[in-house]
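Here is what TrEMBL records for this protein:
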TRANSMEM  25-46  transmembrane segment
TRANSMEM  58-76  transmembrane segment
TRANSMEM  150-171  transmembrane segment
DOMAIN    268-515  domain 'ABC transporter'
TRANSMEM  615-633  transmembrane segment
TRANSMEM  648-667  transmembrane segment
TRANSMEM  688-712  transmembrane segment
TRANSMEM  727-744  transmembrane segment
TRANSMEM  756-779  transmembrane segment
TRANSMEM  847-868  transmembrane segment
Amino acid sequence: MQALLYSVFVYFLAGLTMENNGAVFLHYLVLMFLVAYFGSSIFFFLSAVASIPEVANASAGLIVSIFLLFSGFVIYPSNIPQYWRWLMQINPIRWANISFCNQQFSNGYKDSCIKYLNQLTFCKGNPAMTSGEAYLIYAELFTSVSGKPYVPYIILIGWTLLALLMALVFLNKIDFSQISQSVPQINERKFSKNYLYDVEVYSRSLDGYMEDSTESGRYKSQEPPKLASSSTIVISEGENGSVGSWREEFRVEVESEHLTIPVTPITLTFLDLSFFRCGKVTKEEAIDFENISGYAKPGTMLALVGGADGSAATLLKCLSGRKPPGGSFTGDILVNSTKPSADFSRSVGYAEQLDAHQPYLTIRESLQFSASLRLTNVISKTRRHIHVELVLDQLGLQYYGNHLVGSLRDGTGKTFEVAKKLTIAVELAANPSILFLEEPISGLDSSGTSAILSILSQLPVSGQTVIATVSHPNTRALSYFHQAIILTQEGRQAYFGPVGLNCHEILGYFTAIPRVPPYIQTQNPISFVMGVTGLGIQRRRTAVIDFAEEFQNSHLHEVAMKVVNTAMKNKKFGKEKDSNMISISYNYPASFIRQIGLVLLRTQRFLWRNVNYTYSRFTGCAMIGLLMGSLYFKIKYEDTYGVTSRSLYTYMQTILIGVISANNVIPQIGTDRLAYFREMRSKMYLPISYPVSWVISEIPYFLVATLAFVGIGNGMAGIATETATDFLAYWSVLFLFTLCMTYFGMMVTFIAPSPILAAFLVSIITSLWVSASGVVVLFSDIRFYRWMYWTNPFQYAMSTLTTISFYCDTSQCQRQCSCPRLPDGSYVWDRIASIRSLSQERTCTDVVTLAGMCTTFAVLAFLFFIVLKHNSSHAH
């Protein structure tokens, strides 16, 4: 179908021949199908042998480059060095091109060359031939198999079958058991001896304190022991004094104050919360939850259980100030008897169910990133570092501290538990007063569940409040919580009160309700409660009674409403909140300069440690440069063939580096965007910081990559290497063009709602730009779409690079001139300039225009990233 649509549009719009009753068109259609299927089979083979997408993309770019360079189009076969001609002979694209040209020119151009002796150069030496046959000989497309039209088909089918067979073999033989092969290993970080000693002493003293203050799995609210490090001797690791001075600051601060950052206690009170949304199909109003009231005090854990699909999660979002879009939220929420202000999100942490983190940061760096952006400026850098280390120790992540996050994706239970701990640790790094958690034990085994809940049960010791959704808890898991809210299947409140040891408080409440089936001692208490309320794991049934109404008439409701009503009576009117509790007047804890710096550093680490992307970019440019340099090695201006081949060097160079750069950036941003959405929901930094970091971070890598490309390729081909000025000018323009195409790829990525659509748009637009660049179709032949020529970065880059490479001031030539000439006496620059409509006076204007397009793409990327809805954190 793709080949048919492509063939119909291209064939008839180009006005190709319809001789032999349309047989030539059918030949073209079959040829396009075989070429497309061959390309698909090659990429299928690469996906089978490549362990990660970055390797597959780099390999695909190299193979496509080889097929194009040796197709006989961008360099005449007679100019190809002897050591590369074998590659041209086995190139299926070369044979497809020969087949197409033979069919078109042999059947479509049958007029004798005698009519065109003074008009067509290729007719002068072959007056007895038809114009089509003469052109085939001139273009070196007439081969010994030209009379055998089936040969190109056999070659294409043979290559396709070989690629599919190899893909099948590799799929059966290769097993990529390791998931994160693109993630490098980071050496263990060295610490000062006194720092490790202090952390160890603190850890042991904290463990002893916990053991002494344990009672029935609960921790009493006591002051943790202070770390006595006033007598510690500081040992410096460096000779320059930088580490030693940091350790001195650490020692002084430890002596003067407690290691931990104090938590501001917050009591969260809520009354008659309801959330309605419009159904997608019926357009009727659906209820997520209705008339929910309760409170969460400092030093307690509150569980949200039950409800229809997503009801508890929606309630959690509304309590945290993250009201989902597309719904109506009503009710009152108070924070310490005050309406939540725009800065409420500073006091809360929200651990999402999806563990979205930047894969090329270490676990320690992920926490430091969160702490640096979300802790207030009054907290010194030393205290932030200490706070991060304590959080790592608290969650048992010290061993994994220097492991890259992406290395935790092998799918085992332990790494899944570590990923959950990381999600919680990133939020605890912000030292929140209230920690909200979406399904913190979902997908964990019993060991992981106990580990996570044991950690969470320690948080109330410091005065923090924990509120979590738990979809299908067991009795042991729910017993870690102090209180629970149970929702009915309709989203109404069936229970709010204490949990009790082994959930005996919840069980006692429900068994005391008349008409509830009797509880059998061998039953699991929480399974019994879920079953009678219609929330069991088995197929849901209607609840035996109206538990919402029973709760409204219960003593528990009366006790809860006393606390809630007291808070409402003492309500203080602060800043008015909006429906999402976070407004545009939100004040970020970190300054704008710090936000830009930290996000830029994070993106730099992403690019530097993304070995396959960065290394493939460098090696790809070097290999293509070496390939093109060896292919165009020492081609001279002896005839039209040599001039044409050399002039097409810049054409292929810009196509390869431009298209590859625009496409390669798409999956990289796609990998990083999930982490960005989580960070935006946490209000870590201004949205503009993210695209700015990508725009700046790519610059040094492309400087080196283009230098390798130009240095190797141009050096071997002898293009733009006459003077250092020419070389630097050529390199600068190619670097600017590469940056321009990368920013274009970023812009399209932010426009498109999915990476697949972005890659499709980039392919279509770049193909149009290449076609309208004035090389394949000359500017004089371009008709109604000349606007595409003038809005085309490829055109400006190709024109400028060609001018730098071939310009020679022939106006100064009289008798003797160093400007290269053709055998007919004409100058090379004059010939190229007249055919391609080039002018040396345009060079500065073209460079400025290219820089302007580069800036425009970057600015539009910023704009689309901020404005478009699908880039909003609430859309994901």
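The first residue you see is number 1, and the count goes up from there.
Note that Cβ sites are derived from N, Cα and C of the backbone, with glycine treated the same way.
Keep in mind that TrEMBL annotations are predicted by a computer and have not been checked by a curator.
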Residues from the same chain, set at least six apart from the ends of the transmembrane segment (756-779), whose C-beta lies under 8 A from its own:
648, 651, 655, 658-659, 662-663, 666, 741, 744-745, 748-749, 785-786, 788-789, 792-795, 798-799, 835-837
Are there at least 3 C-beta pairs under 8 angstroms linking the transmembrane segment (25-46) and the transmembrane segment (847-868), leaving out pairs fewer than 6 apart in sequence?
no
For the transmembrane segment (615-633) against the transmembrane segment (727-744), do we get 3 or more Cβ-Cβ pairs below 8 Å once near-sequence pairs (under 6 apart) are dropped?
no
PLDDT averaged over the residues of the domain 'ABC transporter' (268-515):
88
Does the transmembrane segment (648-667) come near the transmembrane segment (150-171), with 3+ Cβ pairs under 8 Å (pairs 6 or more apart)?
no
Remote residues contacting the transmembrane segment (688-712) - C-beta distance under 8 A, at least 6 residues beyond either end:
595-596, 599-600, 602-604, 606-607, 614, 617-618, 621-622, 624-626, 629, 653, 657, 661, 665, 669, 676, 720, 727, 730-731, 734-735, 738-739, 742-743, 746, 750, 858, 861-862, 865-866
